[in-house]
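Enquirer: The active site annotation in Swiss-Prot covers ASP114, ASP130. Swiss-Prot lists 5-25, 61-81, 84-104, 125-145 with the feature transmembrane segment.
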Amino acid sequence: MKKRLFVLSLILLVALDQLSKFWIVSHIALGEVKPFIPGIVSLTYLQNNGAAFSILQDQQWFFVVITVLVIGYAIYYLATHPHLNIWKQLALLLIISGGIGNFIDRLRLAYVIDMIHLDFMDFAIFNVADSYLTVGVILLVICLWKEEDYGN
């Protein structure tokens, strides 16, 4: 992926995350639940003082340090490995985008705005950035697993 496309994609993904959070705050009261796709997904405005899926509540300094380290390492890795396959680049793009999206909330608000609730299962309320992070990590694990299978 070309550097310009990567940066543009990063900006668009972070903007989508931030716009979704802005919309939730503007249209749904704190704690209110609104069906989005009935029986499947509801939107609920929640202020999360923890990490993805509400773990490690009230550890803001920890998340700031970890986020800076992970994003910094991912950017360093991309810069020092210019010929990564597209899947690894996509995985790192999602991880960086998700990290930045939640980092903006932590710096600006001291909490992260969550809003997506899966009605069909007992699961934590999460946000778009959490989705990026989750998919990015899963994709990266698959890439690394495949490399191991091929002896790389």
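Glycine is treated like the rest: Cβ placed from N, Cα and C.
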Enquirer: Which bits of the chain, at least 6 residues beyond where the transmembrane segment (125-145) starts or stops, bring a Cβ under 8 A of a Cβ in it?
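Expert: For the transmembrane segment (125-145), the far contacts come to 13, 16-17, 20-21, 44, 46, 48, 52-54, 85, 87-88, 90-95, 97-102, 112-117.
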Enquirer: On a simple 10 Å Cβ count over all chains shown, which one of the active-site residues ASP114, ASP130 is most densely packed?
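Expert: Within the set of active-site residues, the most crowded position is ASP114.
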Enquirer: Can you give me the Cα-Cα distance between ASP114 (active site) and ASP130 (active site) in Å, rounded to a whole number?
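Expert: A Cα-Cα distance of 9 Å.
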Enquirer: Under DSSP, is ASP114 (active site) helix, strand or coil?
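Expert: SS state of ASP114 (active site) = strand.
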